[in-house]
Amino acid sequence: MAPPSAPLPAQGPGKARPSRKRGRRPRALKFVDVAVYFSPEEWGCLRPAQRALYRDVMRETYGHLGALGCAGPKPALISWLERNTDDWEPAALDPQEYPRGLTVQRKSRTRKKNGEKEVFPPKEAPRKGKRGRRPSKPRLIPRQTSGGPICPDCGCTFPDHQALESHKCAQNLKKPYPCPDCGRRFSYPSLLVSHRRAHSGECPYVCDQCGKRFSQRKNLSQHQVIHTGEKPYHCPDCGRCFRRSRSLANHRTTHTGEKPHQCPSCGRRFAYPSLLAIHQRTHTGEKPYTCLECNRRFRQRTALVIHQRIHTGEKPYPCPDCERRFSSSSRLVSHRRVHSGERPYACEHCEARFSQRSTLLQHQLLHTGEKPYPCPDCGRAFRRSGSLAIHRSTHTEEKLHACDDCGRRFAYPSLLASHRRVHSGERPYACDLCSKRFAQWSHLAQHQLLHTGEKPFPCLECGRCFRQRWSLAVHKCSPKAPNCSPRSAIGGSSQRGNAH
């Protein structure tokens with residue numbers, strides 16, 4: 001049996017539709033004015049969860065129109081959605097965007113297959129030059145071309161800016177409800193109400209296990225999986241399980257390696273339009289997510305969530321090997337390499353290996369000689385931002401933060417706090433492997449090199465590696481290493497060589 005097609009106006013053969021006259025009173029809102037339609041290609045790109053959401057929203061919209069007395073006869077689209085089938089049918093076509101003969105022709109072909117008589121013969125589209133209804137153009141599916149402008153809402157790429165503007169106009173017609181705070185548009189009032197909670201901070205959905213609150217019900221459902229430990233989404237390639245379907249979709253790109261979406265600014269490629277849209281914020285400088293506690297802004301929502309745990313003190317990721325807890329899963333993964341001894345990041349210039357990528361990047365500056373942090377006051381450059389911050393305190397005449405015990409003054413509260421541990425004897429940084437404690441984090445980092453065996457400071461002349469910077473400087477000035485020039489020493493090693 002053929003699926004129902006979009007309703008057609010009843011009129012006699014050969015009669016032209018009466019032309020619309022200007023100045024008429026606006027007609028009542030119909031379901032076809034607010035409904036969203038899909039072509040076969042677009043329907044095939046939707047995931048099962050997206051199709052279920054589409055069914056719910058369309059039914060809710062039709063119910064709202066019925067309450068207002070504007071529903072009219074049941075559309076073929078609603079009848080198709082009520083059958084809960086995943087197969088695309090012509091009822092999903094927009095009757096205002098496709099020629100009338102297209103839908104009727106498909107219906108007649110389907111009836112021919114079933115052995116029925118052809119009730120509605122297909123009509124030919126009116127030719128150019130004759131009066132009558134002009135056949136509308138078929139819907140264009142945005143191509144994922146590289147190098148063209150990208151829609152910030154859906155992530156689709158277009159060949160030129162004119163096509164992008166046409167796409168935006170069509171989206172505005174389908175999304176008539178704008179947010180007064182940020183201007184983002186939505187198709188239905190319920191979606192707008194849910195979105196506005198992001199601005200107001202309202203969180204009406206509460207977890208009955210831990211009391212955490214959420215602005216949307218689906219976020220609460222995703223959170224509750226953490227308590228149950230359930231991971232219902234399995235990868236068919238490697239068997240790995242995930243809590244969210246989106247995480248599984250992102251993981252499967254590691255097997256296929258497909259990255260069809262290219263950044264027009266730097267050429268980097270991504271597997272999904274959403275990842276490309278997030279990446280492009282590094283070029284535009286956009287940071288749409290703001291912390292309500294300290295007004296700090298972030299490019300990604302996940303970065304904001306991790307940052308907010310600094311204010312709440314929440315650390316939901318415990319280490320199974322020790323008692324330490326972490327605010328993000330990435331920090332837990334990085335910490336567990338201390339127990340396993342894994343060092344997956346290797347230097348391409350020497351044989352040094354590192355457990356963290358940030359440590360590798362800092363180490364590679366030793367080979368390149370790059371110092372990306374210059375002092376704006378004197379021009380002196382540094383390899384680390386922390387070293388620059390400490391150096392800039394030497395230019396500051398006002399040192400407002402004084403030590404109560406010895407009267408020494410400091411330019412920053414962090415330097416004063418680190419200094420006061422000398423008087424109090426406090427050692428808040430403990431080694432995970434031997435429980436030895438230190439007053440400063442840098443001292444703990446140097447100590448942990450004894451356990452890992454890591455030697456991040458290589459001599460560029462002879463290739464010998466050292467655990468500490470000053471050990472390399474002493475080696476440069478040693479008479480036993482005549483080929484190692486003191487000028488290439490790290491930090492102030494050249495000055496030490498001249499002193500000797």
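Glycine is no exception: its Cβ is also placed from the backbone N, Cα and C atoms.
Taken from Swiss-Prot, the feature compositional bias 'Basic and acidic residues' covers 113-127. Positions annotated as compositional bias 'Basic residues' by Swiss-Prot: 128-137. Residues or ranges marked as SUMO2 cross-link in Swiss-Prot (evidence: a large-scale study or a structure entry): Lys455. If you look up Swiss-Prot, you'll see 29-100 marked as domain 'KRAB'. Per Swiss-Prot, region 'Disordered' is recorded for 1-25, 90-146. Residues annotated as zinc finger in Swiss-Prot, with sequence analysis given as evidence: 149-171, 177-199, 205-227, 233-255, 261-283, 289-311, 317-339, 345-367, 373-395, 401-423, 429-451, 457-477.
Packing around the residue listed as 'SUMO2 cross-link' is summarised by its Cβ count: 17 other Cβ atoms lie within 10 angstroms of its Cβ, all protein chains included. Sequence-distant residue pairs (6 or more apart) of the zinc finger (429-451) and the zinc finger (317-339) include at least 3 whose Cβ atoms are under 8 Å, placing the two stretches in contact. Long-range Cβ contacts of the zinc finger (177-199) within its own chain (Cβ-Cβ under 8 Å, at least 6 residues beyond either end) map to 34, 36, 57, 60-61, 153, 171, 215-216, 288. Long-range contacts of the zinc finger (373-395) within the same chain: residues 362, 365-366, 410-412, 415, each at least 6 residues beyond the stretch ends and with a Cβ under 8 Å from a Cβ of the stretch. Long-range contacts of the zinc finger (345-367) within the same chain: residues 334, 337-338, 383-384, 452, 454-458, 460, 463, 465, 490, each at least 6 residues beyond the stretch ends and with a Cβ under 8 Å from a Cβ of the stretch. Per-residue confidence over the zinc finger (149-171) averages out at a pLDDT of 73.
The DSSP secondary structure for Lys455 (SUMO2 cross-link) is coil.
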